[in-house]
Amino acid sequence: MKKTFAYNYSYDQWESWINEHNHPVYRAKQVMDWLYQKRVESFEKMSNLPKSLRSQLTESFELHPLKVITIQKSQDGTVKFLFGLADGHAIETVIMRHNYGISVCVTTQVGCRIGCTFCASTLGGLKRNLTAGEIVAQVIMAQKHLDVSNERVKSVVIMGSGEPFENYEETMKFIRIINHAHGLKIGQRHITVSTSGVVPNIYRFADEDWQVGLAISLHAPNQDLRSSLMPINRRFPLADLLDACWYYLRKSGRRLTFEYALIGGKNDQDEQAHELGKLLQGMNCLVNLIPVNFVPERNYTRTPRDQIFKFKRILDSYKVNTTIRREHGHDIDAACGQLRAKNSQLIQGE
Ligand code: SF4
């Protein structure tokens with residue numbers, strides 16, 4: 001019998017399973033506590049559960065953590081993992097340290113089919129979607145790494161490889177599990193999902209009526225330029241994307257983040273900063289300028305430092321809140337997909 005991955009189960013699923021196996025319902029909380037607070041690696045260690053329940057759990061569920069293929073540690077405290085999945089694929093997860101706490105960036109798909117031209121994750125196309133449990137396990141593994149130094153994951157960003165809104169159901173289930181009072185208890189305001197602009201699912205996400213943050217990978221201020229950088233813009237045009245953003249803003253009352261990767265000579269000129277300022281003027285948003293990491297396969301160059309600051313100043317003049325993202329792990333392969341691409345020879349099945 002094929003075993004179920006334990007981290008795939010939501011609290012409600014644990015309750016039903018415990019019920020079906022004739023144990024009192026409070027055992028569901030105890031199982032979740034062992035999985036998420038104590039983070040044990042075998043059901044046998046769940047010492048306050050009766051032996052019969054431990055055996056049933058061992059027979060039905062798998063509790064293997066992800067296999068660590070490589071760990072890269074940066075001088076700034078960034079840690080990048082390459083994890084092996086049960087079927088031989090590999091995924092990346094990153095721990096980042098900020099002055100407001102530690103965040104983990106998780107991956108939602110093996111590879112990606114969106115095709116953004118500045119991104120290494122999409123080079124081999126999409127292999128498959130991750131299950132909610134495989135996404136949860138990335139946070140568990142990061143937390144286990146931090147347990148050694150008595151540190152805690154404070155926030156989670158769903159910005160690793162893959163397009164979360166093309167794996168919508170599993171991504172939403174993942175959020176519910178890590179947010180749950182018996183799960184990792186990560187507050188909704190400390191979770192952010194980033195999408196390249198899958199418009200119908202932005203509406204769905206807004207209708208979830210929760211406080212989970214949303215970030216949009218924008219990267220260009222007009223239809224033609226955005227389509228040349230992000231092919232998804234032909235499927236979901238910029239004007240429709242902005243309508244969906246306004247809908248989210250009205251529904252959530254939260255601020256929206258726009259990610260803007262600055263690519264030398266492509267989208268980083270004064271003219272584009274003015275266009276972007278006009279486009280976003282009056283919106284409750286934050287523009288996050290990201291000096292693009294060099295992707296050897298694409299040959300994109302970095303924007304000079306002075307121009308990054310000038311771009312920001314122009315946006316400021318339109319009263320558009322703007323930050324320049326501090327780089328994490330510049331001395332390691334920190335751009336999403338870079339580590340996986342570099343280690344592809346280590347990864348079976350790719
Ligand atoms: S930036 Fe994100 S959506 Fe675009 S190709 Fe890379 S992983 Fe996919």
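Cβ coordinates are placed from backbone N, Cα and C, and glycine is handled just like the others.
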One of SER149, SER194, SER228, SER317 listed by TrEMBL as binding S-adenosyl-L-methionine at the site of GLY162, GLU163, SER217, LEU218, HIS219, ASN293: SER194
Rounded Cα distance in angstrom between GLU163 (S-adenosyl-L-methionine binding site) and CYS119 ([4Fe-4S] cluster binding site) is 12
Of GLU92, SER194, LEU218, HIS219, the recorded positions lying within 10 angstroms (C-alpha) of CYS119 ([4Fe-4S] cluster binding site) are none
Please report the number of other Cβ atoms within 10 Å of the Cβ of ASN293 (S-adenosyl-L-methionine binding site). 19
Note: among binding-site residues CYS112, CYS116, CYS119, LEU218, least Cβ-dense neighbourhood at 10 Å is CYS116
